[in-house]
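**Q** Swiss-Prot lists 3-207 with the feature domain 'DPCK'. Swiss-Prot lists GLY8, GLY9, ILE10, ALA11, SER12, GLY13, LYS14, SER15 with the feature ATP binding site.
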Amino acid sequence: MFLVGLTGGIASGKSTVVSILRELGCAVIDADLIARQVVRLGTPAYSQIVQHFGDGVLLVSGELDREKLGAIIFSDPEKRCVINSITHPQIRREMLRQTLWYFFLGYRYVILDIPLLFESRSMTRYMKHTMLVYCDPQTQLERLMRRNSLSRDEATKRIAAQLPLDSKLPLADHVIDNSGDRDNTRRQVLQLHARLESSLAYLPVRITAATVATGLVVLACGLLRRLWQ
């Protein structure tokens, strides 16, 4: 099995690509979903965030106010680093757990959907391939304004908080251009999926795992024989 890092930019259409991959039966680990789970009410990350930022980031229900927290993240780099230092270790642990589960299920490759894959840098070394969902800057801006009901200035600020898509292009092994319609995007995803499925890059890990498993079985059998002698 090998890992494929999937990334994009805000409103570049990564969710569309993920939905197509899931339709194809691909294993996708969603870092954003995990990030929401690790800060649920009562979790260690939740307690640390409240301790650092105070009750002002909470809803009446006691849960984190994601809009307020998002405004902090996008407007203050130092506070963004604080939140990342709280949540990222727990996110990585859960991603590892899910990756191992897909390995035991026999998947040839697993997609790690990580919005800030190239910004964080630390995760790219684990990826056999990286995939970027791209769209032109004007399309990205218009999509974000429409999707989140933001002004042009607000949308521009949120886009500026991430590495520009054009800067990510040379960092990616594969690019899905999502500037057009869904059918065009789907064709690109199908082609890439076929290439990844036909790759033999998964074999070394499988062979190593099989060798280790065989060795453990032989060792266990030897111990059992001694016990019964």
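Glycine too: its Cβ is placed from the backbone N, Cα and C atoms.
On this model, are these features tucked inside or out on the surface, and what's nearby?
**A** Of all Cβ atoms in the shown protein chains, 28 besides its own fall within 10 Å of the Cβ of GLY8 (ATP binding site).
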**Q** For GLY9 (ATP binding site), what is the secondary structure state per DSSP, taken as helix, strand or coil?
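**A** For GLY9 (ATP binding site) - judged by DSSP and reduced to three states - the answer is coil.
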**Q** Over the domain 'DPCK' (3-207), what is the model's average pLDDT?
**A** 91
**Q** Quick one: of SER12, SER15, which of the binding-site residues has the smallest count of other CB atoms within 10 A?
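**A** Ranked by other Cβ atoms within 10 Å, the binding-site residues SER12, SER15 bottom out at SER15.
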